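Written below as structure tokens is the structure these notes are about.
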Amino acid sequence: MADEQQRRAQDGGSARDRHVPVMMERTLELLAPALSKGPAVVVDATLGMGGHSEALLAAHPELTLVGLDRDPDALRLAGERLAPHSDRVHLVHAVYDEWAEALAGLSLSKVDGALFDLGVSSLQLDETDRGFAYAHDAPLDMRMDSGAPRTAADVLNTYSAGELTRVLREYGEEKFAARIAAAIVRERAKAPFDRSGRLVELLYDAVPAASRRTGGHPAKRTFQALRIEVNAELEVLGRALPAALDSLAVGGRMVVMSYHSLEDRMVKRAFAERAKSKTPVDLPVELPGHGPEIRLLTRGAELASDAETAANPRAASVRLRAAERIKEAV
């Protein structure tokens, strides 16, 4: 993500013009068996700029797509992009843990495909005044939904040193979390934080020089942690994954792309729990109805190719996992 932000700062251009969906061909390949058997329904839980959705609609003429996004700007732009398929598209302003409610609002209970492309979107990174990118001085906002109440500035200015340390350590995996938190508390006593440039300067000073030379941009982990906290990303994902898996019809498939280890571990655990037998290990035979609900379609997490990473820096950190429902839940 650091390399991506630096490149955006250097070469300009809007997300709408330069958006390249990550692992597009692999996503289409994995979802195709579930979507090519006549009329089908797929949910793009992280619609963003609509690149994956556009390709799915083009590949499957009988497909109905439900697109979810918490960002009203993303819904508007994706709606323009998907306008040629508007009779087969339902766009819903929702966070993806509102999965069941979104489907119920469309009188749907089961779906044939589910797609999650997690993390911050190209659109959000390119909109400087939203504060996601540390390469630009901007308001400390970081809300994926501009109508949400809590901003990154609120976190920085109101959390205790202990709370800040927890956020930085848990969500940024920042080994200097306590040191950074103490520096934030000292600095905000002089004046509240409201711009990202001041925070970046603090992080340069707080992170030891040796780590700055070897550990990437010193702001990377803190900005990730603040973004996750502001948007409750891990809590939302923890609720969304089981809801999405529950809604998959038998034969339905789900693809999840994550961009840091915290998300990927959650996806791995959610899939592993459903892919194992519920029969007690000391019994010699499988109990009826206790077999796995899903089968894994990927061996571990798949990575983007070197060629894709070179062409699309956002793909450098992607981890893709996929699964197929093979039986109804007990």
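Just so you know, glycine gets a Cβ as well, placed from its N, Cα and C.
As written in Swiss-Prot, here are the features:
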- GLY50, GLY51, HIS52, ASP69, LEU103, ASP117, GLN124: S-adenosyl-L-methionine binding site (BINDING)
| request: May I ask you to report the DSSP-based helix, strand or coil state of HIS52 (S-adenosyl-L-methionine binding site)? | output: helix
| note | Listed in sequence order, the residues of the same chain lying six or more positions from GLY51 (S-adenosyl-L-methionine binding site) whose CB sits under 8 Å from its CB are HIS19, VAL20, PRO21, MET24, ARG81
| request: Look up GLN124 (S-adenosyl-L-methionine binding site) in the DSSP assignment and report helix, strand or coil. | output: helix
| ASP69, ASP117: which of these binding-site residues has the sparsest Cβ neighbourhood within 10 Å? | ASP117
| task | For LEU103 (S-adenosyl-L-methionine binding site), just count the other CB atoms lying within 10 A of its CB, please. | result | 22
| task | Please report the number of other Cβ atoms within 10 Å of the Cβ of GLN124 (S-adenosyl-L-methionine binding site). | result | 22
| Chain-internal residues near GLY50 (S-adenosyl-L-methionine binding site), provided their CB is under 8 angstroms and they sit 6+ positions away | ASP44, GLY67, LEU77, ALA78, GLY79, ARG81, LEU82
